[in-house]
Every structure is written in structure tokens, then in C-alpha cells.
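What TrEMBL records for this protein:
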- His141: active site, proton acceptor (ACT_SITE)
- Cys149, Cys152, Cys200, Cys203: Zn(2+) binding site (BINDING)
- 17-292: domain 'Deacetylase sirtuin-type' (DOMAIN)
Amino acid sequence: HSVSRTSPDLTFVPACLPPDPLQVEELQRFVSNSKRLFVMTGAGISTESGIPDYRSEGVGLYARTDRRPVQHAEFVRSASARQRYWARNFVGWPQFSSHQPNTAHLVLRDWEKLGKLHWLVTQNVDALHTKAGSQRMTELHGCTHRVFCLACGDRILRSELQERFEALNPTWKAEAFGVAPDGDVFLTDEQVRSFQVPACRKCGGILKPDVTFFGDTVSQEKVSFVHQRLAESDSMLVAGSSMQVYSGYRFALAAREKKLPIAVLNIGPTRLDHFASLKLNSRCGELLPLIV
């Protein structure tokens, strides 16, 4: 491997035992027997980069707070919901955008280079697979590093929008209270009230991050594309996901229907545990580098 050994950030990683050597052997056999491996990753692969997830026991957002992510319908219909979302996102962006890939991301990139990995689908919106250099990849739920207009479809980089926020809010300041999984932070209503949100420069429409919010659906075109990549594959590995969200779970159901062997690497239970060929309860960044 050309994997760089960086120390993982375990702040948001649930406690777990070191990998069992016998299970490492089983996963090694699973990967070695795969000629066209389909990999699906979730928030659990990015926790070692310091990004919290939603559902992990004790350390996930739902365990630590009563906060819930913004709903698609609320964002579209409510100017105050957009103001709240973008104010939090503006404060959190410098830290969120600076997160770097961890060992697990780099291993998957190397598997692609070696021809082991046929296609990678990530449910994450953090761009860490892209930063790692993965190319045979679909971002199922989009990416926070891109923004688009709901009216005319014009797309800009999130970094460009940050500059527009700064220009519109030269004296606005807010102290953050904790980081959430999708890059925003916790702010009070009082802090948010005077924050100015820019409109689309081309048509004056509403700007939205290029991500699938809760309550929205992944486009049929993207779903069909991923199903095609799965149809070309001979096995499936799920890394760092409980697969609670149907948009990802549907592909595991399709893999089961095709009778593909499925391996799951995740700390804690998943929706696949009762039909997976192999389940490993370990950190992705600790176990994946052991597979050659």
C-alpha cells in the first residue's frame, strides 16, 4: 500500500475491540475472491477523520444532542430555515472543509488502483474519497463542496459561496457550540437572526448545497447508474454504515437478490447483519489496511 500513516481522530468513534485475526483472515479471503468488488461507505468511515456521524452509540449526533438535520421541504419553503442552515454552515465550513482522508479512504483508493475495486458508492457528503483520489465513485447523496440554484440549476463551488457570505456579513460573528455531521455547527436563534444569505447571481433563486437532505430522494438516473455498477460486480463490501437509510440499503437488498456475497465492516449492528456473509465489528481504518 502507498497508505500514509496518520494518527486517527477517535473523538467520534465508538469503542470497539481490536480486529480478531480470524476475522481479518476471513475478510482477506473475501476480498481476494472478489474480482469486481462493489464497496459502499457510510459516515463510519469518516469518523476517524474527526467528522461525527448521526447514529453511533454514545458518540453520534443523536446520542449527544436532540438536534436533527434540516429537512428538504423545510429548507425549500422557509427563508428562516435557510438562514439558520447557512449561518451554521458558514461558521462550520472552515473546519469541515479542512478534514482530510484517513487510512481507510486511502486503502480504498489503492484497491481501485490495483484493480480490486470495481465501483465505490459513498453515502457521505464530505468529499474525503475525492480528496483521497478515488475516481470510480458515485456520491450517492451529493457533496457539500458544491452548491446549486433550485431555480436555474447554476452550480458554484461552496468555497466561492463562503466568500460571498463574508462579503455580505462583514461584522457578523458567532461562536460555535459543537460540530454536526454535515458541516454545520450549533448556534442560537439570536446569533442567526442578522445573518444575510445571498441569492443566485444568475437568476436570484434559492441556493442549496448539492446534497440530498433528509426527506428528499436520490435522482432515478443516479439510482439506475449505481444499479448498473452493482450488476457488473461479483461481491459487496459495506464499510462504516448501519444502512438505516433506504437510499443505500436498497443496493444491499439488490445484492442479496443477485446472491452476491456481502461483507459488512461496522462498529455496532446494521440492517444487513441477518443476511451478510461476513460481519466485522471493527474500525475501518484499523482493519482495511490489514487486507492486501
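Placed from the backbone N, Cα and C atoms, the Cβ positions cover glycine too.
Just so you know, TrEMBL annotations are computer predictions that nobody has curated.
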Integer average pLDDT (0 to 100) for the domain 'Deacetylase sirtuin-type' (17-292): 90
Cβ-centroid neighbourhood (8 Å) of the Zn(2+) site, Cys149, Cys152, Cys200, Cys203 excluded: Leu150, Ala151, Gly153, Asp154, Ala199, Arg201, Lys202, Gly204, Gly205, Leu207
Fewest Cβ neighbours within 10 Å, where candidates are the binding-site residues Cys149, Cys152: Cys152
His141 (active site, proton acceptor) and Cys149 (Zn(2+) binding site), Cα-Cα, nearest whole angstrom: 17
Rounded distance in angstrom between the Cα atoms of Cys203 (Zn(2+) binding site) and His141 (active site, proton acceptor): 25
Spatial neighbours, same chain, of Cys200 (Zn(2+) binding site) - Cβ under 8 Å, 6+ residues apart: Cys149, Ala151, Cys152, Asp154, Ile206, Leu207
Fewest Cβ neighbours within 10 Å, where candidates are the recorded positions His141, Cys203: Cys203
